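K.L.:
Below: one structure in structure tokens.
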Amino acid sequence: MLTLYSETFPSRLLLGTAAYPTPEILKQSVRTARPAMITVSLRRAGCGGEAHGQGFWSLLQETGVPVLPNTAGCQSVQEAVTTAQMAREVFETDWIKLELIGDDDTLQPDVFQLVEAAEILIKDGFKVLPYCTEDLIACRRLLDAGCQALMPWAAPIGTGLGAVHAYALNVLRERLPDTPLIIDAGLGLPSQAAQVMEWGFDGVLLNTAVSRSGDPVNMARAFALAVESGRLAFEAGPVEARDKAQASTPTVGQPFWHSAEY
């Protein structure tokens with residue numbers, strides 16, 4: 001179970017709704033993955049090039065999954081705040097995935113503006129989930145601003161590279177043990193999702209890895225299983241890696257010629 005802002009969700013997977021081949025494939029993918037939330041933007045085109053209209057909203061409602069609006073495409077504090085306020089009116093929710101991009105090539109979050117926008121939105125009653133980097137200090141500033149959960153990237157959006165800064169992500173997990181951390185952006189394979197879940201991250205948000213795959217419906221299922229498996233492995237307590245071999249079978253009753261004295 002995933003807990004965010006005192007609200008509990010049955011899944012640790014969050015799924016984006018952009019760039020699917022057709023609305024029907026999107027709907028099937030959501031139903032297959034059974035995510036905790038589905039993200040949607042007011043500023044992006046819908047499936048098949050259609051604008052976000054009543055039909056797209058109806059499709060999202062049919063899934064029965066809570067909607068997490070985002071501020072994708074925003075590059076200033078005022079732009080992000082205005083978009084969040086509009087999203088609250090349209091989708092009737094206080095949840096917002098706060099995105100504030102600082103570089104058009106890498107789509108890296110502008111953490112300075114992100115903190116400022118988060119402070120404003122939290123004071124306005126929003127439940128803010130900020131898309132951020134794995135920088136520990138920036139993440140602390142977001143927590144100081146009132147955020148109760150964070151969404152650090154694994155790699156730049158849409159790259160599918162997996163966790164490129166594994167050390168920094170593990171440090172972040174270790175130093176913020178009580179903060180829900182959801183890996184957002186850069187995952188391309190179910191194995192990569194399982195890996196970060198094994199490290200103790202609380203959830204994963206995906207879009208491109210599913211929507212642009214050869215079979216989004218089956219890929220959605222693969223990621224859902226990977227996230228669940230990774231979490232189970234973390235909770236089970238994996239064995240530590242060793243440099244020296246260690247037999248797994250008992251040595252009681254072994255032949256005398258195997259003894260050290262022989």
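For all residues, glycine too, the Cβ spot is worked out from N, Cα and C.
Sequence annotations record features per position, and here Swiss-Prot assigns active site, schiff-base intermediate with DXP to K97. As annotated by Swiss-Prot, 1-deoxy-D-xylulose 5-phosphate binding site applies to G158, A185, G186, N207, T208, with the evidence given as sequence analysis. Annotation comment: Swiss-Prot describes 243-262 as region 'Disordered'.
Can you tell me where each of these features sits in the structure?
P.N.:
Non-local contacts of K97 (active site, schiff-base intermediate with DXP) by the CB criterion (under 8 A, 6+ apart in sequence, same chain) comprise T39, L68, P69, N70, T71, L129, P130, Y131, M151. Secondary structure at K97 (active site, schiff-base intermediate with DXP), as computed by DSSP, is strand.
Residues within less than 8 Å, Cβ to Cβ, of A185 (1-deoxy-D-xylulose 5-phosphate binding site) and separated from it by at least 6 positions along the same chain comprise L107, Y131, W153, A154, A155, P156, I157, G158, L205.
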K.L.:
What is the one among the binding-site residues G158, G186 whose Cβ has the most other Cβ atoms less than or equal to 10 Å away?
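P.N.:
The largest 10 Å Cβ neighbour count belongs to G186.
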K.L.:
Check T208 (1-deoxy-D-xylulose 5-phosphate binding site) against DSSP and tell me helix, strand or coil, would you?
P.N.:
helix
